[in-house]
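Listed in TrEMBL for this protein:
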type	residues	note
ACT_SITE	Cys362	active site, proton donor
BINDING	Gly249, Glu291, Pro292, Gly293, Arg294, Tyr391	pyridoxal 5'-phosphate binding site
BINDING	Arg294, Arg331, Tyr335, Glu363, Tyr391	substrate binding site
DOMAIN	40-297	domain 'Orn/DAP/Arg decarboxylase 2 N-terminal'
MOD_RES	Lys67	N6-(pyridoxal phosphate)lysine
Amino acid sequence: MAAFHGTMSVNEEGHLVIGGCDTVELTKKFGTPLYVLDEQEIRKRCRAYKEAFKKRYPNADVLYASKAFISLAMCQLVDQEGLGLDVVSGGEVYIALQAGFPADKIYVHGNNKSKDELSIAIDAGVKKIVVDNFYELDLLAELLQHKEEQVEILLRITPEVEASTHDYIQTGQQDSKFGFSLTDGGALTAVKKAMQNQRINLKGIHCHIGSQIFEPGSYQATAEVALMFFKQVKEELGLVLDVLNLGGGLGIQYTADQQPPDIDAFVEAITNTVISKANEYKLPLPKIILEPGRSIVGEAGTTLYTLGSCKEIPQIRTYVAVDGGMPNNPRPALYDAEYEAMIANKVNQEPTSQVTIAGKCCESGDILIWDLPVPDVESGDILAVFCTGAYTYSMSSNYNGLPRPAMVLVNSGNAKLIIQRETYKDVIKNDLRLEEYQVFTEHWS
Ligand SMILES: Cc1ncc(COP(=O)(O)O)c(C=O)c1O
Ligand SMILES: N[C@@H](CCCC[NH3+])C(=O)O
């Protein structure tokens, strides 16, 4: 049987319970597919990061990487827990500000920020920018000529550390679209350029080596590279950098065979390396920033689906389809991501067979789980897919005209609807009819 996560348990009816809520009852009230977020689990993980630093390295900030999952309620929750926010687009800045997230705790990332995105952020009081490339440095300089403000920046460098994870989510290797290169001197040139601009306050360096990573050693290697660069900047340019942001990326336990380090051990490994290397290079201890996404929200999420059609191919395979699929969770199709799941209304029943869980899209690749052990199943049963809090809703689409599911935040027997289910009307809310298009062309001529 798949292992429980967070506050999960089973009740007398043999139903899966999350945050004190019977998941079968949740589906009756809110329909399926339904994303369920375990509030206590999210808060616990935010606190674990904060605590891990507080007891051994207080000069640290933890930012939640909102790309994993952002919504108004999630921003509020993260703010209540005292974390900052990593955003990656004008849209994410907008959501954060609409949620009332403090602008001075937001960091703007991205490898191709537009002038508008930068300008809107700065005007709204968001003044911490992680600069990725020379184009952006020039854009920023141009923008700041017409503004009063000074901005704080970190320069993203490519540490040339290859983390062990799926190729699509590795970002620290030399051949990567992200960051200034160390080997061709680009990173040092960027520092010089930033130092020449009075409106730019260069605080430090950012590195992010990828996502769903289990080895603290990859972070230790990254910290070593970054601090070596701090040393070079100090020796060659006389500038002492204050901030080292080592990105996000700590992995989670999607399946029983995956063993991520716990948050405390992960932070300990990083702080030990930073302390020892800073001492070795005679540098003051920098502020450390981490920006976890998946390890905050991933295991806290469960997606509930209703089982529908079934196709049995004797001696080969049985496909059972759910009422969602790749539009709500594109990760299996994109990365061959594996998930564990159980039948939420038959938790105590022993498996009798294996079935393959298919989505409802017109794609053979729309398979959520291959060969899942299940008890006897029938249409109408509820499937709970675990660890779907990160990179599911945030990467969802309306493919095949499917409305996005609703989301509830559960805690102590209460379920709060934090994202409404899209309607068919929502699916066409931006569409215009041909005659409306005519109106636009007349406008331009
Ligand atoms: C710059 C940056 N920071 C933080 C994150 C968050 O990563 P994760 O969700 O794996 O913690 C990402 C995504 O990989 C990222 O690109
Ligand atoms: N979207 C990826 C992770 C990329 C993280 C963003 N840099 C995933 O679902 O695993």
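Just so you know, the numbers here start at 1 and follow the chain as drawn.
Heads up, the Cβ atoms here are built off N, Cα and C, so glycines get one too.
Sequence-distant neighbours of Arg331 (substrate binding site) (same chain, 6+ residues apart, CB-CB distance under 8 A): Ala337, Tyr391, Thr392, Met395. Taking the Cα atom of each, Gly249 (pyridoxal 5'-phosphate binding site) and Lys67 (N6-(pyridoxal phosphate)lysine) are about 12 angstrom apart. Arg294 (pyridoxal 5'-phosphate binding site) and Lys67 (N6-(pyridoxal phosphate)lysine) have their C-alpha atoms 9 Å apart, to the nearest angstrom.
Using Cα positions, the member of the recorded positions Glu291, Tyr335, Cys362 nearest to the residue listed as 'N6-(pyridoxal phosphate)lysine' is identified as Glu291. A distance of 19 Å separates the Cα atom of Tyr335 (substrate binding site) from that of Cys362 (active site, proton donor). In this structure, the C-alpha atom of Pro292 (pyridoxal 5'-phosphate binding site) lies 32 angstrom from that of Glu363 (substrate binding site). For ligand 1, the binding-site residues lying close by, meaning a CB under 6 A from one of its atoms, are Gly249, Glu291, Pro292; the full candidate list was Gly249, Glu291, Pro292, Tyr335. Every protein chain shown contributes to the tally, and the Cβ of Gly293 (pyridoxal 5'-phosphate binding site) ends up with 25 other Cβ atoms within 10 Å. For the recorded pyridoxal 5'-phosphate site, residues Gly249, Glu291, Pro292, Gly293, Arg294, Tyr391 set the reference point as the centre of their Cβ atoms, and the other residues of that chain within 8 Å of it by Cβ are Ala65, Lys67, Ala68, Ser211, Gly248, Leu250, Ser295, Ile296, Gly298, Ala390.
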